Amino acid sequence: MTAPPPVLTRIDLRGAELTAAELRAALPRGGADVEAVLPTVRPIVAAVAERGAEAALDFGASFDGVRPHAIRVPDAALDAALAGLDCDVCEALQVMVERTRAVHSGQRRTDVTTTLGPGATVTERWVPVERVGLYVPGGNAVYPSSVVMNVVPAQAAGVDSLVVASPPQAQWDGMPHPTILAAARLLGVDEVWAVGGAQAVALLAYGGTDTDGAALTPVDMITGPGNIYVTAAKRLCRSRVGIDAEAGPTEIAILADHTADPVHVAADLISQAEHDELAASVLVTPSEDLADATDAELAGQLQTTVHRERVTAALTGRQSAIVLVDDVDAAVLVVNAYAAEHLEIQTADAPQVASRIRSAGAIFVGPWSPVSLGDYCAGSNHVLPTAGCARHSSGLSVQTFLRGIHVVEYTEAALKDVSGHVITLATAEDLPAHGEAVRRRFER
């Protein structure tokens, strides 16, 4: 009897000495081609910018077969959703909110004043974005956790005005899923829009008038994950509003050695593959025995996985693989080059190995810190950079919703003390009017 084919493709980097750039080229990476859908999304954004809610509702009816009575969800529907929420789900959401607030409440930066001399100060003042739109996707699953992960840091930053946008659902009379509504109400958000996709992003950016004549006020910033069309719309609208990031398909990398339990490793790889057929699951290990055992576990666990078809497509896609390396040192180089959204460390000395990681959206240390914990109740944020963007970007946090403003205050004497240098530099850059703006202050 022949052995079943391996679930995951293998990439053997043992004996290879590659630069970070060469590693990135050798490692599996899927992702979606946002550029390819821009021609489709651009007219949607333009139409919503011109016709507002009417266009957004038309697109929703055309794409999804759902046309809500209005964009804004009535307060009574939010109250009813929270009242009807399953008690266990409500309790779990409350725990998630408490733990997420505990972590994020300490993240807010304080104003800092630097004195450069008598009468010369520069203060960095942190000011929250005034109005933020938080997108919560529909699709393969319901994501009340995304409501929490977006709303909590925005509230901790002091954002005054929040609106949650989520796709209307035919089975809920054109409202977003009631669990989404309940999560918003639980967090004290009273403005929820029943609109999804690229048209939701455009409506958040440009605003409009609802079917009852009420204003749909545009936002200053849009955050939250979504599909490729949502991502494309965020790209097109980012000159008008700020965005958090262009989210791609989710990904997990696991750095594991011979001490790791293949049952845990396989379960964690499957857990992220459950999100999307484009999700990436990557194991980086120096242990061929662990690679074999994990592949066998994957084959076995897939038999009882609820979303087997979706998970199998993700695991067998070009974005997923087992990467064999010489040792843990080589594995660290690989995962730093890969810059995963989620990185688990399951090695003999996991905390020490984790301290060497410089590029990851979030790091989960040891066998009892699975990514699923971070998705819900670790207290960390699960809106994280994908597609290698962890090399230069961070996950959603309180800082996402804050703007640093430099406040410069000099006295006459302080300006006079540095005026000669200002005039010299302005002259060197052939900007004489800059120097004159200083010199004329001391003419009389």
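Cβ from N, Cα, C; glycine included.
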For the substrate site that Swiss-Prot gives with Thr250, Gln272, His275, His342, Glu429, His434, which of Asp212, Asp220, Asp375 also belongs there? Asp375
Over all shown protein chains, what is the count of other CB atoms within 10 A of the CB belonging to His434 (substrate binding site)? 15
Which of Glu341, Glu429, all recorded positions, has a Cβ with the fewest other Cβ atoms inside 10 Å: Glu429
Show, in sequence order, which residues other than Tyr135, Gln199, Asn227 on the same chain lie with their Cβ within 8 Å of the centre of the Cβ atoms of the NAD(+) site. Pro137, Ala165, Pro167, Gly196, Gly197, Ala198, Ala200, Val201, Gly226, Tyr229, Val230, Ala233
Tell me the Cβ neighbour count for Asn227 (NAD(+) binding site), meaning other Cβ atoms within 10 Å of its Cβ, over all protein chains shown. 20
